[in-house]
């Protein structure tokens with residue numbers, strides 16, 4: 001059953017890929033519009049928008065979903081709730097497709113909420129305290145984005161339409177709300193902590209949800225809204241994305257949890273995508289989004305097999321010398337990691353190299369250049385640190401028996417490996433068929449390769465000699481870096497303050513003057529007065545009857 005489900009999704013992905021080529025070559029766009037009703041002067045419409053971008057994104061999502069389902073049939077075959085797991089994946093994929101093809105704020109909200117709800121259920125899949133805490137933080141942080149979209153819908157109502165693609169300009173407040181919604185879903189600073197915490201979900205979920213689809217929803221929303229954003233928004237987004245990219249890369253160099261390192265690399269790449277959007281390079285952003293989805297899902301699936309082989313241990317200090325034990329997984333993992341670095345002629349190179357070259361051509365200040373190159377060097381640094389620990393370091397834990405991957409798992413990895421190696425070059429030749437005019441000096445052109453080689457050598461030297469103990473033994477530096485610049489503590493303090501504020505608000509308002517003037521209290525008082533009035537009338541009648549009876553007695557006597 002699950003094999004057929006995977007096969008159908010793969011066939012649908014290939015069909016959407018063919019439609020992408022057709023729509024791109026003939027420059028076709030299709031809009032399906034249903035007029036549902038009209039309230040006063042506002043039209044309530046449902047719109048489906050199909051273009052080459054939506055078809056390519058849907059094809060990528062369905063292909064990764066197909067491979068994840070095929071992989072999960074073996075990876076989670078002993079799980080008693082496998083059926084529930086598969087249905088949650090299908091609900092998530094449908095919500096993602098619903099959001100991709102929508103150009104109406106109301107229908108985007110439905111897909112957005114579907115993503116948040118299914119993600120919450122998948123993070124809390126394993127029934128333990130850590131999973132429940134992580135899922136609660138995930139949904140609360142994503143709920144901020146949901147509220148921002150709801151507020152933007154309410155503010156867009158005065159325009160008479162919720163179709164943002166048909167508008168030339170929008171109110172500044174609406175744009176701010178949409179920007180906050182995008183950075184919450186894509187885990188930019190200060191909403192970054194939820195992404196590493198969501199790694200308590202099963203590894204196939206991390207491959208599908210937290211690497212390629214859910215976290216890129218905010219990036220995709222910003223691509224669609226790009227024509228409405230002004231320079232001030234773009235500069236604000238640029239600062240946030242650069243800080244996120246640098247913070248995630250630096251934190252990954254101090255992390256030992258395998259899945260969290262890959263999650264932080266995802267966060268770093270999301271920062272790169274947001275930075276590219278802020279430079280108005282939307283086509284290039286989308287290109288990097290697609291290539292990143294392929295090799296990052298491959299990286300997560302390889303990590304799942306490695307964790308299985310080491311009895312669910314995720315500490316990279318105990319994982320080593322895989323090349324003799326599981327050579328295919330070892331090779332695949334290293335190729336995916338090198339693709340993440342942007343090694344020449346792999347998929348990641350075509351998008352990353354072009355982004356950096358376009359960035360170099362723009363008139364930016366020295367601080368921006370410094371932040372950009374530091375962030376790029378941290379990416380190379382944590383990638384080679386991962387390769388060093390898994391491939392070269394002597395083992396600290398002996399494993400007597402290895403769980404060999406099944407053919408089903410190997411097929412899914414093989415397809416994603418081929419896509420990770422060649423997908424970038426193919427899409428690059430299709431999307432950017434005309435040569436981009438890039439004018440750079442020889443030094444600016446070669447500085448990328450110099451940084452790549454220098455960081456790689458520096459990382460190997462630091463890991464071989466004992467200089468890294470200066471950082472790792474200093475508890476203050478280590479905790480500051482390992483805890484993402486203390487962002488989780490800040491979020492915790494803000495939440496506690498909000499709870500105390502709401503408690504005070506409840507005490508002084510709901511239980512204070514508001515309680516006395518609320519509709520319920522007024523109705524209760526009216527009822528009391530009404531009852532008193534009825535009792536008064538009854539007493540008056542009884543008194544009149546008594547007096548009349550008394551007068552009759554006095555008359556006869």
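The chain as shown is numbered from 1 upward.
In case you wondered, yes, glycine gets a Cβ from its N, Cα and C as well.
Within the set 36-54, 55-73, the record from TrEMBL flags 55-73 under the feature transmembrane segment. Check TrEMBL against the ranges 411-432, 477-498 and you find transmembrane segment recorded for 411-432. Between the listed ranges 331-350, 351-370, TrEMBL ties the annotation transmembrane segment to 331-350. With a threshold of 8 Å between CB atoms, the same-chain residues lying at least 6 positions outside the transmembrane segment (55-73) that come near it are 2-3, 5-7, 9-10, 12-14, 16-17, 19-20, 23, 82, 85-86, 89, 93, 96-97, 100-101, 202, 204, 207-208, 212-213, 220, 286, 289-290, 293-294, 297, 301, 304, 408-409, 411-413, 415-416, 419, 427. Contact check: the transmembrane segment (411-432) against the transmembrane segment (331-350) gives at least three Cβ pairs closer than 8 Å, residues 6 or more apart, which meets the contact criterion. Here the domain 'NADH-Ubiquinone oxidoreductase (complex I) chain 5 N-terminal' (37-86) has, by DSSP, the following mix of helix, strand and coil residues: 29 helix, 12 strand, 9 coil. Outside the transmembrane segment (170-191) by six or more residues, the chain places 112, 115, 141-142, 144-146, 148-149, 151-152, 155-156, 164, 214-219, 221-222, 225, 228-230, 233, 236-237, 240-241, 243-244, 247, 267, 270-271, 273-274, 487, 490-491 with a CB less than 8 A from a CB of the stretch.
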